[in-house]
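The following features are taken from TrEMBL:
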{"type": "ACT_SITE", "residues": "Cys152", "note": "active site, glycyl thioester intermediate"}
{"type": "BINDING", "residues": "3-8, Asp27, 35-38, Lys51, 96-101", "note": "ATP binding site"}
{"type": "BINDING", "residues": "Cys137, Cys140, Cys409, Cys412", "note": "Zn(2+) binding site"}
{"type": "DOMAIN", "residues": "1-410", "note": "domain 'THIF-type NAD/FAD binding fold'"}
{"type": "DOMAIN", "residues": "257-348", "note": "domain 'Ubiquitin-activating enzyme SCCH'"}
{"type": "DOMAIN", "residues": "420-497", "note": "domain 'Ubiquitin/SUMO-activating enzyme ubiquitin-like'"}
Amino acid sequence: MVGAGGIGCELLKNLVLTGFGEIHIVDMDTIDLSNLNRQFLFGMQHIKKSKSMVAKETAGKFNPNVKLEAHHANIKDSEFNIKWFKGFNVVFNALDNLEARRHVNKMCLSADVPLIESGTTGFDGQVQVIKQGKTECYDCTHKTTPKSFPVCTIRSTPSQPIHCIVWAKSYLLVEIFGTSEESSPDVDPTEDSENSREIANLKREAEELKNIREKMDSPDFTATVFNKVFKDDINRLRSMDEMWKSRKPPEALDHQTVSDEAGSIGAKVSKNDQKIWSLAENYAMFEDSLRRLAERALDMKRDQVEDEAAPIITFDKDDEDTLDFVAASANLRSLVFGINVKSKFDIKQMAGNIIPAIATTNAITAGLCVLQAFKVLRDDLSSARTVFLSRSADRAFSTEKPSPPNPACGVCSVARTTIEADIERATLGNLVGNVLRDGLGYGEEITVMTSQLLYDCDFDDNVDRTLKELGFSEETFITVVDDEDEPRINLEVLVTNNQLPEGSTPITIPTRFEIPKKPSAKPETPKPSLPNGNIANGSAIKRSIGEVVGSDELEYQPNGRDTKKPRRGIVVEDRVPSAKKLGKMPATEIDDIVVIDDDGTITID
């Protein structure tokens, strides 16, 4: 079981009580206060302890006859190799991020071990069975990557609350109390004609803030920071006349004026986390949180051991000091740019990249995981189902038979083989010449790559380098692409390190096997369209409702609109249940339709 969070706690309880004989739990995370409302295996006494270790300890009391093994580690660590995965009858994913999901998906496919993938977001959930060669895998359908924002939008032209929140969290807090994060995942540093100037300004302003934070113990520290970011920087932006020809310019704030208006408002405003704070209340919270953070930073600096890295303060959604600072700073910036302000409660969700998690959804989804696992373990894949859970008065569950592998998928629709190599002796030339050309019959036109290009017919610089010099480790996957006129499907080779006898060939040659040809691309049949570009009646396109599995509690990816969230957030893109299976659902007065950022056509019946 990979992941011991919202779904993981429920799932482990089910597995233990069902009587699975040996269960390994892998999670690199520690327990946080915000976990306790739904991750019932943990209590207050467990905060900051390993999730996997505590989950083992608590769940073990439910059934002492089950052998539990906990691994406080990253599932991508080298110890969790193909051999390790092959030791299991089934793997359960209860993860909260895309990269780890993809890694486990690939490892299970290579080890030929069935995977039960699951995820929830609010009231919606999904369970998917993945079996190599039998069903589609996690990567057979497109998954969107987390949203980032261009530097110029964050620094100069914010238009949504999320832009101001990212500015406060990933720029202001970091520049004052951390180290400069020009490569923050929330900010797209890609330079273009518009971004390049802003990146230069960003560096200059970061240097100015660096000078200001040297005066952290000064009595006028708050006034200096405030006037810098809410007055001087804003006046600089206003001076760029071209920027404001088609948009309203920002209005700078004066520290003395706002400070006088705040008057006797104190830190108590922090407790009103669901209230929209006024300008004066936001200033009072900005001043108080900045003071608290400055005191913390100075204390940390005094306690710093010589030659240690400078202490920093980073954002944590459960750290009241950083949350208050980000909330107040973001709202003050929103007021400057005429953007709607948000409550501290809303900002915590958006800045922490979280979506409200429903314990009941996790529990139901975990139960469905075990039910599907029974079918897999009985080798009864024909009875397995992809299950969608949604908040609907008509039907809470919708099911489909697992779809076959996507022929165009670069992860599961590939040929596979495994070889051994003494990576300190074997060269890339041995791999290309002895294994691929002589052993498997490839021609001249091939491309060999890991996460980077190693070889193709126009790039042979690496042929004399050893595999170890090229970054190969105990287990390394390479992908071989056939570039001939009638190419075969991609080949995935697992190269495992083994010290072969001196004098022998430093790499093993696999028995030749048939690698299928790539299927010919079928031309798309054009859809009949109306003069206005809409699809004609009867030509409805099957599309996803929302986007996929987010997480064991899907990461919140704000779209910047103050609209209702779509009621169905189905969990695998383009895998929605058919209308026939859903049945006819009568419209009601509370039904609504939300179309977000769609650049194609949606036909809604």
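Every residue, even glycine, has its Cβ placed from backbone N, Cα and C.
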> In the same chain, which residues outside the set Cys137, Cys140, Cys409, Cys412 have their CB within 8 A of the centroid of the CB atoms that define the Zn(2+) site?
Replying inline: Leu109, Glu136, Tyr138, Asp139, Pro405, Asn406, Val411, Ser413
>> Please give me the CB contact count at 10 A for Gly3 (ATP binding site), counting all chains in the structure.
In response: 30
>> Distance check, please: Cα of Asp27 (ATP binding site) against Cα of Cys137 (Zn(2+) binding site), rounded to an integer number of angstrom.
In response: 22
> Same-chain residues six or more away whose CB lies under 8 A from the CB of Cys137 (Zn(2+) binding site)?
Replying inline: Asn105, Leu109, Ile130, Pro405, Cys409, Val411, Cys412
> What number of additional C-beta atoms lies within 10 angstroms of the C-beta atom of Cys152 (active site, glycyl thioester intermediate)?
Replying inline: 20
>> On the 0 to 100 pLDDT scale, where does the domain 'Ubiquitin-activating enzyme SCCH' (257-348) sit on average?
In response: 90
>> Out of Asp96, Glu99, which of these binding-site residues shows the lowest number of other CB atoms within 10 Å of its CB?
In response: Glu99
> In Å, rounded, how far does the Cα of Cys152 (active site, glycyl thioester intermediate) sit from the Cα of Glu99 (ATP binding site)?
Replying inline: 28
